[in-house]
Amino acid sequence: MAKYDTHLKCSFCGKSQEQVRKLIAGPGVYICDECVELCNEILDEELATVPNAAAPRRESTPSRSPRSTPRSRPLSQVPKPRQIKEFLDKHVVGQHEAKKILAVAVYNHYKRLSLLDSDQRGDDNVELQKSNILLIGPTGSGKTLSAQTLAKLLDVPFAVADATTLTEAGYVGEDVENILLRLLQNANMDVEEAQRGIIYIDEIDKIARKSENPSITRDVSGEGVQQALLKILEGTIANVPPQGGRKHPYQDCIQIDTTNILFICGGAFVGLEKTIEQRVGKKAMGFVRDGEPLPKEKRSADILKQLEPHDLVKYGMIPEFIGRIPVVAVLEPLDVAALADILTQPQNALLKQYQKLMRMDSVELRFEPAAVEAIAQEAYRRKTGARALRAIVEEIMLDVMYELPSRKDLRECTITPEMVEKRSTAELLLHPSSLPTLSA
């Protein structure tokens, strides 16, 4: 097998990498900085000869597409914490305390960026450091949705990463730099825009080490990943391979400063409440006023509110990692009432989505209040949070969505509690013109 050629040269002019200032690598080809400048001159000459051609051509370039807000947003345009929470309320049901914590943390972060952009640091030489966020809550409680909604409000690049796929450098899996690559891609490869973005790292509890004590064997997908994430969370100049580092080792890296990137980590941390109970010294017994004990999920959420950093260390997170995520928000499990609200209240509510789908076939879809309650009850029994709602509605609507597009005589479809509980047939209302007429 032939060895790699260490004497790289431009595929267009043939000059070696020693003869040019920069050699850019592509899939099996290379181009030098001189050829890039020559190509730009040729394009500029062609565009100059065609009337009104320059503007559309520049707008169509994805890497130069402007965002709807200016890159240096003045402080007066940063949404206030109350405005951020009100926006979250439109999309995320419940979790008021967690949304308040998120709103304050995000506001302070982008207020800090506005101060850096305006160069009004003052004479006190006080440097404002960022505060990354940790969201703790059961699956389907709104952790990812909250982070996505924040990115939508602030109009900044946003990327979601799964911590379970990350491994220490040199082992099979993804490098931590791939997280930054996703953010860079979502920013249309605009480095300056990516450096102001938000990264949400999901399943962060899955990289906890197996025991509180350091192990003599390497934990490449647990403690090793935590160690690799330390500098990125705190702020460093990271070298990001634009095509991914594992399959394309010979490429120029893009440098990204992570100092101003806001990291939001989320995880379920199953069993963490037991660690807190051991520290407190007694099991928390919650009672409501009429003497009935609190539900197990509600009691677990109350225990988690007594969380201290040492509890996370005992769970398997290293102290250095916890120290870089100072803001902690606990999300409560969703009860039946919250699940019912998720179906109908948010701006992008699930039932509104199906009603819009049915209107495209000229059919009005109705859900009886008792049917909504029955869907929420079934989702609560499945113990997967809001994610169970779509699965249940899909099961209920399967036959309806299969038959309706082929029938032009229908005007209205009503989902009843019997259909939810027994999967019976929906109530259909025909168009008046489709009803049979009685002959005299």
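Keep in mind that glycine also has a Cβ here, set from the backbone N, Cα and C atoms.
Annotation comment: Swiss-Prot describes CYS10, CYS13, CYS32, CYS35 as Zn(2+) binding site, evidence class sequence analysis. Annotation source Swiss-Prot lists ATP binding site at PRO138, THR139, GLY140, SER141, GLY142, LYS143, THR144, LEU145, citing sequence analysis. Look at Swiss-Prot and you will find 62-74 tagged as compositional bias 'Low complexity'. Under the heading domain 'ClpX-type ZB', Swiss-Prot lists 1-51, citing sequence analysis as support. Positions annotated as region 'Disordered' by Swiss-Prot: 53-80.
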Chain-internal residues near CYS32 (Zn(2+) binding site), provided their CB is under 8 angstroms and they sit 6+ positions away: CYS10, PHE12, CYS13, LYS15, GLN17, VAL20, ARG21, LYS22, LEU23, ILE24
Specify the secondary structure state of CYS32 (Zn(2+) binding site) as given by DSSP, simplified to three classes. strand
Return one of helix, strand or coil for LEU145 (ATP binding site), based on DSSP. helix
CA pair GLY142 (ATP binding site) / CYS35 (Zn(2+) binding site), Å rounded to integer, equals 50
Cβ-based neighbourhood (8 Å from the centroid) of the ATP site, residues PRO138, THR139, GLY140, SER141, GLY142, LYS143, THR144, LEU145 excluded: GLY137, GLY266, LEU331, GLY385, ALA386, ARG387
Which residues, in sequence order, are found in the same chain with Cβ within 8 Å of the centroid defined by the Cβ atoms of CYS10, CYS13, CYS32, CYS35 at the Zn(2+) site, excluding those residues themselves? SER11, PHE12, GLY14, LYS15, VAL20, LEU23, TYR30, ILE31, ASP33, GLU34, VAL36
When distances run from the Cα of CYS35 (Zn(2+) binding site) to each of the binding-site residues THR139, GLY140, SER141, LYS143, LEU145, the nearest one: LEU145
Using all protein chains in view, find how many other C-beta atoms are within 10 Å of the C-beta of GLY140 (ATP binding site). 23
I'd like to know which of the binding-site residues PRO138, GLY142 has the most other Cβ atoms within 10 Å of its Cβ. GLY142
Local Cβ density at THR139 (ATP binding site) - other Cβ atoms counted within 10 Å: 16
